[in-house]
Structure formats: C-alpha cells, structure tokens
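K.L.:
The feature FAD binding site is assigned by TrEMBL to Thr127, Asn131, Phe132, Met133, Val134, Val242. The domain 'Glucose-methanol-choline oxidoreductase N-terminal' annotation in TrEMBL covers 276-290.
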Amino acid sequence: MFIFAVSGCFVVVISFLLVVLAYYIQCRSKICHNSNSLNDKYDYIIVGAGTAGCILAAKLSENSNRTVLLIEAGSEFNRISKIPPLSPLLQGTSFDWGYLSTPQKWSSKGMIDKKQKIPRGKGFGGTSQINFMVHGYLETEDLEKWEKLGIKDIKKYLPKFYNNLYNTSHNIKRANQILTEEMKWSLGIVLEKAVKECGALSLTFCKSFSTIYKGNRWTSYDSHLKGALKRPNLHVICSTEVTKVLISNKSAFGIESVSGGLIRTYTAKEIILAAGSINSPKLLMLSGVGDKKLLQKLNINVVEDLKGVGKNLHDHFNFPLYVSIEKPISLSLSKILSFKEIFNYLFYKKAVKVLKKLIDTKPFQKIGAKIHWPYIEECSQWRDEQGNNTENFLECLIRFCSMTWYHPAGTCAMGGQNDSNAVLDSFFRVNSIKNLRIVDGSVLPTPVSTFPNSIIAALADYASEIIQLTYPESE
Ligand SMILES: Cc1cc2nc3c(=O)[nH]c(=O)nc-3n(C[C@H](O)[C@H](O)[C@H](O)COP(=O)(O)OP(=O)(O)OC[C@H]3O[C@@H](n4cnc5c(N)ncnc54)[C@H](O)[C@@H]3O)c2cc1C
C-alpha cells in the first residue's frame, strides 16, 4: 500500500515537472503585430530580425518621428535556445532554414552526398539564437583591409560602436584585458610556454568569451529589440517571408511578402535587407538585381546588372582534431589561428603541423597531450611504412573531415567606387538602386579574423547611425 502511494506521488511529481518544463520551453511573449493594425506606409522596412535586424529596428525606432516595420520569416525561439549547450538541438528544426551546400568536388568527402550543412537561424535573433556564442574581437588588420578596399570611415567609426555594443549589461571584456588579467588559467600557461618553446610561431591566443548573460544565451534580440517592442512607432510582423523588393525606376519603394499563403505588399521610404548572407543576395536576385546573365537564365526580369550579388562567398574553415590531456582542464582556445593561418592550413597543411609542433613541446607532453588522428580508410594508404603521417595523409584527412565553421559572409560586399564587384557603397546603399540598403553578414568584403557575430552587431549599430544621418536624401 505504502509503495503504491509513494510511486503514485512520484508519478504526480514527475508529470508536474514535465508540464512545467513543456510550459517553460513553449512559453513565448507576444511580440508580433496583427496585420490589420499596420500602417499603409513606413519610413523604414527592415527584412529579417537576426543579429543585425534586431539592432537596426531598435536603433531606428529610437526616433519617435520615424515609423519602422520589422518583418521576420520565423517567430520567437523556444527556450531551448536560451540554454547554452542545447543549441545544436535546434538545427534541422523549424528554427533553422536548413540549407545544404551543393555536392563538393574537392572536399567534404566524408559528408553525406559530399554536402555541408549550412544552418541559419529562423526567428527573432536569427542565427545568433543557434550559434556557439563565441564573442569575436574586432581586429585592426580587418579594418585596415576594408579601408584599403575603399570603404570610407569604417576604420575610424566602427571600433566605437563595437566597444559600446553590450554596454555594462554584458560580461564581455576586451581582449587586451583578458591577456593581462586572465592568463593565469592553467591551460593558458601551458600554451604560453609551448609557444615560447616553438620560437618562430606567431600565434596569439586568449581565453574565449561568450555572448552569455546570467547563464542564458544573449542575442541582439535580448540586448536591443526586446526593450523597444512597446514603442508605438515600431511594428513587428512574424511568420512572414519577404519574397521580393518592389523597385520602380531604379528606386525601391516596398516589399512583397507571403504569410499563410496570403501575398501582401508593404511600402516604405527606405528598404533595409538584413536577411543574412544567403537570403539577402537571394532576395536581390528575385527582385531583378544581380548578374544579368544568371538572371536571364533563371527567367527573372533584369532591373540592374550588378555582377557581385551572390559572389564573393567566404567562410571560416574548421578541421576538428581531438587532443586529449591527462589533467582535468578544458581546452578553450578562442583564437589559436588567424584567418591567414587557416588559409595556409587548407593549402599548405601548415596549421596541422603547427598544432602537432605545439603538442610535441615539453609543456604539453608534461600534461600527457595526445592528438587523436581520425581513422579514415581511404587516407590510411598515405601513411609511410612506419605509420607516420605524410603530407598526402594530412591532405586526405582535410579533404574528408573539414567543415564549414558556419560563418558564410561577403555575398553582397561593400566596396569602393571603382570596385566592379562591390554591391554596396560605404553607406550600405545598393549600388545603382535608390532607397535600398543591406546590413548583415553579407556586406563583409573579406573574412573577419575571428568569429563574426559581435562584429556584425557593431556594423548594424554603425549602419543605423549612417541611415539616420542620410535620411533626408530619400525624402
Ligand atoms: C551553428 C553556428 C554556430 C555559430 N557560432 C558562432 C559563434 O560562436 N560566434 C560568432 O561570432 N558567430 C557564430 N556563428 C555565426 C553568426 O551567428 C552569424 O554570422 C550571425 O548571426 C549572422 O547574422 P546576420 O544578421 O547576418 O543574419 P541572421 O542572424 O541569420 O539573420 C537573418 C534573419 O533574417 C530572417 N530572414 C531571412 N530571409 C527572410 C525573408 N525572406 N523574409 C523575412 N525574414 C527573413 C531570418 O529568419 C533571420 O532571422 C555561428 C553560426 C552557426 C550557424
């Protein structure tokens, strides 16, 4: 009898906890406007509420004289996205656009059909709701590169927006502070000594910092959009996919969208695409702006022959190699390799050798560090008679196991006046089309040296200032 009562209580408690958990996961605040309550015309329409879009909407609606419509294809993320280690669970769900690459000829040999998965977040916060939350530092070398490409003012102004990004409400610290204050963590010391022993290696490393606040994932939806949702001049619609930018006489005046099978158009003085590195160029092309030959092949009416649209795709490269150590400390390297190094890695296999060299040093050997080379049958023939790794063996592993680091960018690149592949000018304006801008990862003309999310967020903050300053031009 007693046993039945105890197990009955147990079932009730477990059921109650499951109901609470289900409520916690599903519970969403109401942020989307009903389509009946919308204006006929807005000052700004922003397409996409991702890393960049949330910041643009919050900043542009600070001015109560301007009306803003933010359109998002997804809706609010469930609470799983808030719990940092669970984000991979959202890949392949309705919160992910679920793109796959085309089959690759020279790489991805270990992937199904030689295709890479390209996850992209769908909903408020965009890809920053499913990313790995590593905070990337803005590097002067990137700013210098962009300035050399003819992008005006970016080197002068972007750092200010980057430094103000998360204000004091966020636990992110500056890179140089981390190096001086926090290098006493155990693996940091091992790395420091190993680099010294290797001599000529020019590696920089620091403890990684995350876009996590009070244990929860922290996105530009949390830091910017949430606080702006009550503004009467900001309207937000969700589960609505923009399918086309409406352009007349080379001037954008609205968008066409589809929601629940219903097609609807909205108009504005200025349209800002923040749909991400894949969907922003796709939208431009669907609107007739892109490489003329390609558009004609796809039977799309050509509005403007802009060759750079969808080109210049770049990404960071990821070749996972597992290293075990005997001591119970975790490996957290935010930047062991600069982009230049990663480039060499692909072409010269240099970085694999660099890693091997580091692991062979005394400080790493002292903690029992060991590289676990993956076993790939097709590659094993490239080991020499003693079982040592050869150049060909490393190349084979790279061709089988390397992956995208999920940072596709550059497909609507900013550039200088004489750059025929540039899609945007220094003010985020689409070349030759009035009242149309793009602000998201697609605008980055070259790969950033580290993780891009915080840099895209700073770009959006910077762009919103430029957009406000140049507003009278579009009146
Ligand atoms: C698995 C993974 C891990 C990552 N890890 C990190 C990391 O640790 N650190 C880091 O810095 N970066 C990381 N990134 C990359 C980073 O998150 C992205 O570069 C960044 O979020 C891109 O921001 P965005 O504004 O360009 O686009 P997004 O954030 O993708 O926003 C685009 C928004 O537009 C919406 N949209 C698209 N098309 C339409 C349409 N037609 N109509 C209406 N809405 C539309 C989308 O639903 C989305 O909400 C990672 C990415 C992935 C996938």
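Quick reminder: no glycine exception, Cβ is built from N, Cα and C everywhere.
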K.L.:
What is the number of residues in the domain 'Glucose-methanol-choline oxidoreductase N-terminal' (276-290) that are helix, strand and coil, as DSSP sees it?
P.N.:
11 helix, 2 strand, 2 coil
K.L.:
Please compare the binding-site residues Thr127, Asn131 by how many other CB atoms fall within 10 Å of each one's CB, and tell me which has the fewest.
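P.N.:
Minimum Cβ neighbour count within 10 Å, taken over the binding-site residues Thr127, Asn131, occurs at Asn131.
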K.L.:
Do you know the mean pLDDT across the domain 'Glucose-methanol-choline oxidoreductase N-terminal' (276-290)?
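P.N.:
Summing pLDDT over the domain 'Glucose-methanol-choline oxidoreductase N-terminal' (276-290) and dividing by its length gives 98.
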K.L.:
Across all the protein chains here, work out how many other Cβ atoms are within 10 Å of the Cβ of Met133 (FAD binding site).
P.N.:
19
K.L.:
Taking the Cβ of Val242 (FAD binding site) as the centre, how many other Cβ atoms fall within a 10 Å radius?
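P.N.:
Val242 (FAD binding site): 23 neighbouring Cβ atoms within 10 Å.
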